[in-house]
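Annotated transmembrane segment per TrEMBL: 32-52, 72-89, 101-126, 146-170, 182-204, 242-260, 272-295, in sequence order.
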Amino acid sequence: MEMGISSIMLIKQKLEFFDILKAALVIPCKNANFIVFTFFSSLPFFCFMVLYETFLQTTLVETSKVLTVLPGLYNYIWVISTFITRRLTWDFSLQLIRLGLLYLVPLHLLELFNVIVTVDLGSRIYTGENPITLREMIHKSVDKAWLKGSFITSVYVLFLSTCTLLGLIWMLTSYTIFSGTFIYDLFFMVVYGAAFAILLTKYLEWSAVWNMSIVVSILEKRYGVEAFAVSEYLVRGNEQRGLFLMLVFFAWGIVLRLPCLYGECNEIGSKIVPQITLFCLGNVMKWVVCVVYFYDCKKRILEKIDEEGEEFRAVDEEEGREKLREKADDEV
């Protein structure tokens, strides 16, 4: 009962950036079912992530070799594209296709299952509802309309996020290849750096809206374009907090991959399991944060509507008094 009262009091408060993180970190400690259910729902995702990350890091090593341009070619821009194209073997192209398919299909579905469980449980604990039982969880997991709607929204999010990430990767790759070919290297770095920073900032802002749309699909049962519209409405005016929240988990994923980015992917066997463990833990916490962020944005919108309603009522009362005065003056 005390936990329910404290949860209701927390929902009524306006939460800032650190308050949202603090509230999200408390949720797993409130209920043992959350840890148990999220552990088992994360297990298939974790196992597949080990396989996927192995392929990814191996591909990153080979990609860096393909994109490495000989120093003598930096002065011949037209030669670089031909040089890189010749290094793209058929096996390497198939490896890229396989990596893309693994990301788009099985990895996406396993992560979605984990997200649905995490968001539903996190919402129940945060709002002080009764803990979900195993029977209820199984019953909800076979709700076809609920699963189908959440899947449709997640496909939209996957498409948008993948396109944006490909844009970021293209910009980073282009800069890596051609940065040594320009006389005005500093100017080139500033232009590319500014464009990359702007796109990354927009990506993080959009990620907050996209992730919120999935939360809306799971909790409010609004799917597809409708979920995006509701999400965009809720986030309006709260974009900065969403950006910083997404930045935390984006940086978390980058930090976990730093050893590979610095050329230590050869030691995959000894580091991949703890790396993926931390990655899955961060993924669960990201969606718990999204739940808290959703309720806080929703509360702010409702308060704004109430304030506007009071203003309208005050205006109506003032107009009513003004009409009474005019009527009294006419009678006199």
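Keep in mind that glycine also has a Cβ here, set from the backbone N, Cα and C atoms.
What TrEMBL says about a protein is an automatic prediction, not a curated fact.
Contact between the transmembrane segment (32-52) and the transmembrane segment (272-295) is supported by 3 or more Cβ pairs under 8 Å, counting only residues 6 or more apart in sequence.
Beyond the ends of the transmembrane segment (146-170), by six or more residues, the same chain brings 104, 108, 112, 115-116, 140, 196, 199-200, 202-203, 206-207, 210-211, 213-214, 216-218, 221-225, 227-228 to within a C-beta distance below 8 angstroms of the stretch.
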